[in-house]
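Undergrad: Got a structure for you, questions after.
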Amino acid sequence: FYLNRSLGCHEILPGYIVPCLCPTPFRSRDCDEALASSLPHTAFTSSSVFSTGYAPGYAKLNKRGGAGGWSPLDSDHYQWLQVDLGTRKQVSAIATQGRYSSSDWTTRYRLLYSDTGRNWKPYHQDGNIWAFPGNSNSESSVRHELQQGIVTRFLRLVPLDWSEEGRIGLRIEVYGCSYWADVINFDGQGVIAYRFKMKKMKIIKDVIALRFKTSESDGVILHGEGQQGDYITLELHRAKLLLQINLGSNQYGSILGHTSVTTGSLLDDNHWHSVVIERYRRNVNFTLDSHTQHFRTNGEFDHLDLDYELSFGEMPYSGKPVGGGRKNFKGCMESITYNGDNITDLARRKKLDTSSFRNLSFACVETHTFPVFFNDTSFLQLPGRASHHTISVGFQFRTWNPDGLLLYSNLDDGTLRIFLHDGKVIVHINVSNGIKHNQVDLLSGSGLNDGQWHAVQLVAKENFAMLMTDGDEGSAVHSNLPLSITTGGTYHLGGYFLQTLFPPLKRSFQGCMQAILLDDQPADLHAVEKGLVGAFENVSLDMCAIIDRCMPNHCEHGGRCTQTWDSFSCTCDGTGYNGATCHTSIYEPSCEAYKHLGKSFDTYWIDPDGSGPLGPFKVNCNMTEDKVWTTVMNNLPPKTPVTGSSRERRTVLQVNYSASMEQVTAITTSAEYCEQQIIYSCQKSRLLNTPDGTPYTWWVGRGSEKHFYWGGSGPGIQKCACGIDRNCTDPKYDCNYSGLLVYKDDLPVSQVAVGDTNRPGSSAKLTVGPLHYNYWNAASFTTPSSYLHFATFQGETSADISFYFKTSAPYGVFLENLGNTDFIRLELKSPKVVSFSFDVGNGPVELTVHSAMPLNDDQWHRVMAERNVKEAVLQLDQTYWASRLAPAQGHTRLELFSQLYVGAAGGQRGFLGCIRALRMNGITLDLEERAKVTPGVKPGCQGHCTSFGMYCRNGGKCVEKYNGYLCDCSTTAYDGPFCTRDVGGFFEAGTLIQYNFLPEAIAGASQDSRILTHQLTSHEVNLTKEEVALSFSTSSSPAILMYISSKTQEYLALVLRQNGSLQVRYNLGGLHEPYSIEVDQRNLANGQPHSINMSRVNRSITIQLDHYPPVSYRLPEASDTQFNHVKTLFLGKVYETGNVDQVLIERYNTPGFVGCLSRVQFNGFAPLKSALRTSSRLQVSYHGKLVESNCGASPLTIPPMSAATDPWRLDNTDAEFPFNEERVIPDGVNRDSAIIGGIIAVVIFTILCTLVFLIRYMFRHKGTYHTNEAKGSGESAAESADTAIIGTDNPETIDESKKEWFI
């Protein structure tokens, strides 16, 4: 809910406009009159005049009277030119010129304004006292529009810099329009009561507007309440504006409606401030001086119930927020309006009750204070009484700094110091009289550097001293130590820079002082300003230019703001965010980001909207080879029983998640794909009704909308997947439900309403699975001129951008957004340089990071950039980093108006490649959706892998290339273009392979070598599951195929026994003997290839041998399930001493395995492939002779790829194929042709078979590989049906490159 001020009115809802208000001086096109040119000469005054012809009355724009403008006697920083506009005016712009036809002009100046010609206020912009750029010559005029329109009578220009060739020279013009408002002076006693037309008001909308000025830090501005407990109160508290609203609470305390919001600071500066409160139901806009806070009230009620009246200036004793005792408002208010009624006008016309005022005044009674403003080079020297034996000083001060010198005086025989230390006032009196030395130290107050006015009073005389802060006599500090004082007659306030024997440790003070009394006499600061008494340096008189740099608070996400006079800082501890303004989340936005950091399956904190308002939460991350799944759990137990429900009284099951609905919505909105399973197990419980009837059961998704479709179906279809496919268990019905919901706009499931479990024998059990989703959201830019465009980026004071990119191009613009002069841009400037540049009005700024390696390597790289009012930061791959502090003075708002361009813009060098997960200020841009309708940009960044990635077999990974793809087989036991070619080796007697898992097994390796070493993490070293796969062929037994040892007695072994049968042995502890599995009693040492696939999860073991069905086994209950401290894997033979099974070694280890092993894989490792392909022998090594061969491979029957889908085959799109329509035989006609064709096919088939067998017989001895492997004896008879099929009397020798014959 935002308000539109384009017409000066407040549009709250479409079709509903509240009355037009102008409580704040709005700058309009008509408010541009020249206000100064028509003024008389007497309206212009100045600090001094160079001579008569240089008088301030000649300082009118484009006028040539006198000497052509104003010039002061001295060109220094104490000069000023002042204009009296006669009455309060609305000022919108100012223009300056130098003195006509001269070398005198002003290059930089400040603007002060005041209603009375006293108590000046500097013009602020972008959170600073603004310095306007001036002129560079004497003739051209420079005009500046005021971002914040001001209402004032007096203007004062203070030159800061001027022409180096001459002196200060000025001619000016002020632009604006007339201003008038009803003003009421509140004396602290009076109150204005606005009576409602009805006794009780039930209000759904409020618009309250007013302007106020005061020098008091506390006071009630308005209050209204009702008998039901509703109230609204606006008050000043510690010079801040506090709004309290309660739309209703219940007596049980379950609904608490009290809402409290604070805004503003330093509002007791006796200058005008505008307030607008706009409420519609629970939505509230709270605006102070053009700064708006949007919030929703607590509770569940929408109406504000008030009785009788709304009072201004006082809270009745029965006021609800905390109770009575609040101070009345003392100061001035103007333009008070409530829902279109002008309260001040009604009071002036005596239409309201104002009887409480002693003397009602419709003119603002000004308070007379004379503040003094100090910086770190200032001091103010004032006279006091000399040679007096009593010190009596007092003053008020306000500051943000915890330390500083407040007052210093040289006594006749000592020194007096009053200073701030750690926010406390300390008085140090040091008196030396000959050999006698007296010292008095007093300390009072704490936290006095809070920006509030604090009063200090010190009285010291013989043997007595008293220090009091803020007029609290109860906390006054006294001293009765021996003391003798003689005053020196001079006091330095705010600084002391003269040389002395006892100089103060703190020499300066940054802040304001007022109400200065020295030796019981008020300081005459008007005389000081005229140079009649005292002295000063770099002091601003009659002005307190203190700035609250924590208001508005730039510390985001609950960060705590602290400040000094010049800057602020944010404490982000415990917020989950970091950075100069607590803007950047310390958590990754998704599981995908954690995968890019090398993280594996686990539970992580994620922050899906990054710098947005939603906080972080925990999810489960499952990293698969092709996708990364994020899982959000819910609290509904699986198979929750539901009974006794009917269509009239449905049972509603609430599904609550481990994240709030707003957080879940954020992740589903930016996800590429979401799914959630619902399982409805039932007996005699109907889920749906007739296609047109109301379903018995439904579920509620995002947005509290009911949905009647189920898994495999879609919105608006009252069927399940089986109903659509017509394969339900009972064809009479359209659903037997168990399926996935995949329409992400409707997810997650928040409720399920079940309505048919009350019939005899009916029951149901409901399971709502966790929400699964994955991110991708990428776009491919295929030409340098292609780009995507989005709405203008809104990042005025705080902006963060993050994304991934990959490219093979050497340069390109990632994104760009422009304003008039402001802009923001991220680009790849060269193959190793990423640049972040912007301009907020202070000139272009560029940050660059340099990568050690080229970035155009077709690999994903991550860029993160942030700009705020404190600094700018650029980060690349979380390794390279650059930052730049923002200037202390200058523009802070990034003002853009063009569209945001992603990929290329403004004739810049376009980007060629992929951009993914582009996030700006917590919002993920939907690149894929926009790319679908944009030429030259393709949705996603999967390219060829989308179509052909399925052909990367056996765990091979598809890797994109711009002109195709490849299959990465590095983590598999296979090789070849599609990871389908077995990698195997021939083992002679005594050959073994040793693969080390533990880091100490490869100690002493060089750093470069360790990069090749794949070390297991701690949870992988202690295993609860194993995956084993291998193929082998041999004619010798016994033998050890695989043995996995540990640092304990635990092991896993696959062995061939003496009779050739396969045995699996587990020793995980807990048993007296290893657990053995006799996989098959057949003789597998028959020279034929055999394959083994085995897996274990805890106690469950599954083994598949060759093409036979898998068989399940289970470890005994006494056995442990964790395979601890896995150390080494051996193939062919065990070569290790220590913790090994000696009985197994004695029986099966000699002479070792003789034959072929192929596609050996263990838990994602390929030890045989590593031994054959890795040049480094640090983690894997072998002994004996090892020859690469696929002789142990089981032939894979892979159908040949069609030409249409073969990515390696060039398509011949120009080929033409004849097509004879007469050959299309419908309904089996032309049977004679079919019979003749069948006979011809049989004859050809017979001839081909005969030729194949003849050729094979003629070349049966060619291509064999003779080894030292023992030959098969040939005398063994067939032991089973399988050996009868594959066995021969004279088994052929093992062929290094087996031939496959296809008929």
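Counting begins at 1 with the first residue displayed.
Each residue, glycine too, has its Cβ placed from N, Cα and C.
Just so you know, TrEMBL annotations are computer predictions that nobody has curated.
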Undergrad: In TrEMBL, which of the ranges 380-403, 428-451, 1268-1291 has the region 'Disordered' annotation?
TA: 1268-1291
Undergrad: If you follow TrEMBL, the disulfide involving C941 connects it to which of the following: C914, C958, C967?
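TA: As annotated by TrEMBL, the paired cysteine is C914.
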Undergrad: Among the recorded stretches 31-177, 183-364, 369-544, 546-583, 1000-1191, which has the greatest number of Cβ pairs closer than 8 Å to the domain 'Laminin G' (777-941)?
TA: 546-583
Undergrad: For the domain 'EGF-like' (546-583), give the DSSP counts of helix residues, strand residues and coil residues.
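TA: Going by DSSP assignments, the domain 'EGF-like' (546-583) contains 0 helix, 10 strand, 28 coil.
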Undergrad: Go ahead and report the DSSP secondary structure tallies for the domain 'F5/8 type C' (31-177): helix first, then strand, then coil.
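TA: When I sort the residues of the domain 'F5/8 type C' (31-177) into the three classes, I find 9 helix, 72 strand, 66 coil.
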